[in-house]
Amino acid sequence: MTIVEDAKKGLITEEMKVVAKSEGVTEDFIRRGIAGGHIVIPMTPYRKVKLCGIGSGLRTKVNASIGTSSDIVNVEEELEKARQAELAGADSLMELSTGGDFLDIRRRVCEQSNLSVGSVPLYQAFIEAARNKGGVVFMDEDDLFKITEQQAKLGTNFMAIHTGINYETVKRLKNQGRHGGLVSRGGAFMTAWMLHNEMENPLYRRFDYLVEILKEHEVTLSFGNGMRAGACHDATDRAAIQELLINAELADQAHNAGVQCILEGPGHIPLDEIKTNVQLEKRVTNNKPFYMLGPLVTDIAPGYDDRVAAIGASVSSAAGADFICYVTPAEHLALPTPEEVYEGVMSSRIAAHVGDMVKLPKTREADLEMGHARRDLDWERQYAVSINAEKARCIRNSRMPADSDACTMCGDFCAIKIVQKTFNF
């Protein structure tokens, strides 16, 4: 039985116990969430991982995407990115290589990492078709399902599957047009294949078979957002909403079959549309976990997109999004370095916490403790509460004040020290 089937029968598994303890909730809260499709625990029978729960009533989780490109294939650097992501506190990885030996890269990432690992089988299927047959449009759909099973057996915990791209979504995209085009690689690959071959998306047409594969290997199904906007001006358009509605219906089918489900959301969206998108997803999917890709709330800040995404992620989390995909400073410019991966994870973790302060009041306890530590000029306590104690300590130690209680921002005129002489806080 899958964990969904166990939960529906009232059984509490070891995985549920682990997540309940880490989240500070009851085991039955987790069980009921999984049974209802509101919570997932990405799993795999093929390797041990650090389990995390994603969904309603739990802390917002952060994913870090890594992987080679056709221009840069450096496996050791990708492994270092995986290490840096874990060091920075990411909850999961997505291995999205589009260059090199896909099997070897993904196997090594899964062997090295303690985190849940996600993948996009469609990438490998289409790129191998381009390498071996002369173009992505010559992909054999049977190969797509074989690759899906192959990746599951490597120990992949969740997969982004582009099921919601069908004739209806493509028609709406074509009729409507866009300012920023189609930016999802999976969406672009599948749309090109459908139009060239005059065939329906096999992931949609053969969805029952896909679910059988994922269920057999206990893989969580993350419904890919192939029609997501690549520019804020295109957000919340007909193609994106059509895809969401299709994926919502398919998610019910998959959950009823015993497969855990997540739905992916926007990547570029104005700030004032975020809450609407989260509420819409939660409504039409019966509160299934929502995975926001960033999101970026302006398109004019290349080089700073980790900060732009952190703004969007904090609002998304506060509105009810459950899972955030990080963005690095290199977004839209280059393949990120390990250092940029680390910074991207940190930015997203801060954003996730900011959102959690709104929807999960108990997460404010750390901020309360920091307030007390600052009031008391207790620097060690401040470091301990910090999201990145090493960086905080390093900055202060590089510019130590004459008075060890204070810092060089205020020096002799530290507001806290002045007030301490007057009030007994």
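Every residue gets a Cβ built from N, Cα and C, even glycine.
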Of H38, H162, H332, H353, residue recorded by Swiss-Prot at the substrate site of M94, Y123, S184, R185, G186, N225, G226, M227, R228, E264, Y291: H162
Environment of C407, C410, C414, the listed [4Fe-4S] cluster site - residues of the same chain whose CB lies within 8 A of the CB centroid: P401, A406, T408, M409, G411, F413, A415, I416, K417
Which of H162, R185, H268, H332, the listed binding-site residues, has fewest other Cβ atoms within 10 Å: H332
Cα-Cα distance linking M227 (substrate binding site) and H268 (Zn(2+) binding site), given in Å to the nearest integer: 11
Top Cα neighbour of E264 (substrate binding site) in the set of binding-site residues H332, C407, C410, C414: H332
Fewest-neighbour residue among binding-site residues, criterion Cβ within 10 Å, set M227, C407: C407
H332 (Zn(2+) binding site) versus M227 (substrate binding site) - Cα distance in angstrom: 18
Coarse DSSP state, helix versus strand versus coil, of E264 (substrate binding site): strand
